[in-house]
Amino acid sequence: MSPGASRGPRGSQAPLIAPLCCAAAALGMLLWSPACQAFNLDVEKLTVYSGPKGSYFGYAVDFHIPDARTASVLVGAPKANTSQPDIVEGGAVYYCPWPAEGSAQCRQIPFDTTNNRKIRVNGTKEPIEFKSNQWFGATVKAHKGKVVACAPLYHWRTLKPTPEKDPVGTCYVAIQNFSAYAEFSPCRNSNADPEGQGYCQAGFSLDFYKNGDLIVGGPGSFYWQGQVITASVADIIANYSFKDILRKLAGEKQTEVAPASYDDSYLGYSVAAGEFTGDSQQELVAGIPRGAQNFGYVSIINSTDMTFIQNFTGEQMASYFGYTVVVSDVNSDGLDDVLVGAPLFMEREFESNPREVGQIYLYLQVSSLLFRDPQILTGTETFGRFGSAMAHLGDLNQDGYNDIAIGVPFAGKDQRGKVLIYNGNKDGLNTKPSQVLQGVWASHAVPSGFGFTLRGDSDIDKNDYPDLIVGAFGTGKVAVYRARPVVTVDAQLLLHPMIINLENKTCQVPDSMTSAACFSLRVCASVTGQSIANTIVLMAEVQLDSLKQKGAIKRTLFLDNHQAHRVFPLVIKRQKSHQCQDFIVYLRDETEFRDKLSPINISLNYSLDESTFKEGLEVKPILNYYRENIVSEQAHILVDCGEDNLCVPDLKLSARPDKHQVIIGDENHLMLIINARNEGEGAYEAELFVMIPEEADYVGIERNNKGFRPLSCEYKMENVTRMVVCDLGNPMVSGTNYSLGLRFAVPRLEKTNMSINFDLQIRSSNKDNPDSNFVSLQINITAVAQVEIRGVSHPPQIVLPIHNWEPEEEPHKEEEVGPLVEHIYELHNIGPSTISDTILEVGWPFSARDEFLLYIFHIQTLGPLQCQPNPNINPQDIKPAASPEDTPELSAFLRNSTIPHLVRKRDVHVVEFHRQSPAKILNCTNIECLQISCAVGRLEGGESAVLKVRSRLWAHTFLQRKNDPYALASLVSFEVKKMPYTDQPAKLPEGSIVIKTSVIWATPNVSFSIPLWVIILAILLGLLVLAILTLALWKCGFFDRARPPQEDMTDREQLTNDKTPEA
């Protein structure tokens, strides 16, 4: 039966295809992130082994060090092909020699070279076992000279009348340098089925007791309750028979079947061994990731009678608590501790968006079967599967505590995985990894599976530091990370004297005629470490006055080179306690620096001089990660502050603004009037700090007031804080009293609350009582807007009747209605503040007694103005004329020309363009008005919104009432509803204006028509008069031409002849 076969009568099917197949399916969830700081696993001199493509080479790994002279790496490749006849991807285990020099290649270990065994059924030979796709090499474990490898998907054909093919699993044991092999298949029997051991998958997990006995996990037995099986390797070898396929070992031990409530628990998913009862007999630890109602738990099992002693239960359902288990004495108290992985743990920071990050639980043993509450380490990367693999490393950095490697194989955006190294301490594990390994060498395949398999606690290169193997089965590679020797440095800085008197100038400055105060500086160091060289060279770097910022004046310099920085080698012999080097340091002249109070910090930074290391296979030493490589010491300048050399100032500060209110939109020039004084001892490097609010800008210091001190002030910015800093003296001596004025502009007030704050304080470099009281000035912000409305009628009056024009009683075109009348209204915000929500309403003289007065054709807006649609605009659906261009008068109005129609705020000011008495005023009190309602948007100071109403005087209405003068009045009003600020003014602007159009009558005129014959007669008479006049002028000789006298011509010719050229 295949793994997906239907379940028996005791519950639902829960197939288990090992983390092997699950891992292959989960490869789409890999993560990777950059490495953090590196500690002592070497990432440069890696030894990388490669296997056949697609073989999952690296799925399982282990060290094989049978004796002091031999070392190798064992690598499982569960999908590899072998030389076994007719077997496809049966899997293999590779032997990879160490060191991997020259052309040395990994080779398959011949655990099994045979085909499937067969039996005769009804005269035909049929296979009784199935080794293709059995995943041999999915687990590999070595103990001294013994090596065990398992195939958890090995299938067995039962001997029932109806045969079934069950994944019972099998293992092979190799001893004596792979010269002898034996098979161990504890779940293979003649009556295998899901209810029994048919789905056992023996070898799913694997470990050894310290005495060499074998521990095998079979999580599929008994309807996937799972079981754990132990046996002696010696018994397996001694009782093995290739032909007796169902032979049972006499000393074999197995956990028994449990009640049905334990189905689908997966006992044996992971196994380990440790001592927890206080005797010399190790116990068995087994992971059960789906037990306890899917919360998962780990059990400690008695190795003698296979009874359950104690459980650790998971905290979250489906977290797969127990996926991995590791036993290690992390805190080095002589008692074994238990680590449990739950790689599917979900972090529920927000219930709506949980993150699968994984967790590790460390149970520290206090005494026999008594453990502390677990220390929990939580992964940081979603779907990283933190805790999918764990490895006991031993004491990686030789600090006396064992360390742990944790695999995060599905980590990072590039899906390359990583391995985190956690160092142990007396309380458990450090909460942050000391090193993060990333699979750059395995980057050509995605996912690479880097970190899915780990193995440590073996020193393959014999340098007294344990090493680590990391498998990346997705890319078919395995890497050996070797631990680097750790060098611990004890460094010291010695200064003499530590208090420097500037007056005691005992050192002659080279290349100068000046003397200076000075002191001696001694740099000393010693080294310790396991397996380090006898001579260690440190590159030492000394920084003088190191707390001064970059670019600041260093108060001290080395006497021999006038520099504040020095790098030099420090050669240390391992046998000697300390080795030292001496220097002389001098102080600059006190006129060159201000700071006399802060300590002169001398810092020493050191590193290993890697140029002294030999090139070769050996890894280079590294400095201890947990020891700071920076040492500092401080010297002090002697100041005149009494016997204790300690100045205690008493700084006082007061301030007030010259105005207590600023207006939004205005320029808002503001001055802060400040008083600073010192009523104590000298304040060194005393400075006034004024924190500038984001709404304000610094203008400068007030210099026109003789009562103010003209201090030196400058604008500075630290991070995002803007400030003005004024120098008050160095020192600001006792009794100092300064007054000064600082000017600011406050232009940016639109997006702030209704006040701004200026924070002020005096600060000095004194150690005790260095600062003054803190002063905070609050200045209120208000909004003020002056709003006006103005308007015009064009034309201001209409004269009736219109010459040669008569209105139509039922007009169809606009021109047939009457004269054009336009009213234009402008809402203008003088400012300075902004208005954001205003209602503008117009009462329009529309009709009286069902007769139209001013008939509207069109409403036009300019600016942030939107009017509501009105059905009474052109209700007769008269065809409108093309809208004419604005007249010069209207254009001038739109350019904000001075118009006599002007109202501000609440005033109502009516101005008549023309008065003719007596004229009857038609307004909204005695006629029917059309209401036009408009919403005005945001108007900054100086901006306007314009409304233009185009209408026609309904001439028919007025021609029926000849000689009666009228004044048609429209009323426009506004009300500001809101300003765009958090707090609104107590009173918002409003106002109105009346615009009139006069209708007057012309004086009657009498018209005369001239007959045509009169016109013709007048023309003929005109022509006759012209002819008589012309004749008279001709008779008088007016048209005769006047000729010049003859003698004049003779004289002219004579003059011409006289002009003969000379010979």
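Including glycine, each Cβ sits where the backbone N, Cα and C put it.
Take the candidates Cys507, Cys524; Swiss-Prot pairs Cys518 in a disulfide bond with Cys507. Only residues 6 or more beyond the boundaries of the transmembrane segment (1013-1033), in the same chain, are considered here, and those with a CB under 8 A from a CB of the stretch are 1039.
In this structure, the binding-site residues under consideration are Asp279, Glu283, Asp329, Asp333, Asp337, and the one with the smallest number of other Cβ atoms within 10 Å of its Cβ is Asp279. Put simply, Glu275 is the one of the binding-site residues Glu275, Thr277, Asp279, Glu283 whose Cα lies nearest to the Cα of Asp333 (Ca(2+) 2 binding site). In the three-state DSSP classification, Glu283 (Ca(2+) 1 binding site) falls within a strand. Cβ neighbours within 10 Å of Thr277 (Ca(2+) 1 binding site), excluding its own Cβ and spanning all shown chains: 15. Summed and averaged per residue, pLDDT over the topological domain 'Cytoplasmic' (1034-1063) gives 53. Neighbours of Asn331 (Ca(2+) 2 binding site), defined as other CB atoms within 10 A of its CB across all chains, total 21. With respect to Asp329 (Ca(2+) 2 binding site), the closest of these binding-site residues in Cα terms is Glu275, chosen from Glu275, Thr277, Asp279. Across the repeat 'FG-GAP 7' (435-498), DSSP assigns 3 helix, 36 strand, 25 coil. For the repeat 'FG-GAP 1' (44-105), DSSP puts the residue distribution at 0 helix, 27 strand, 35 coil.
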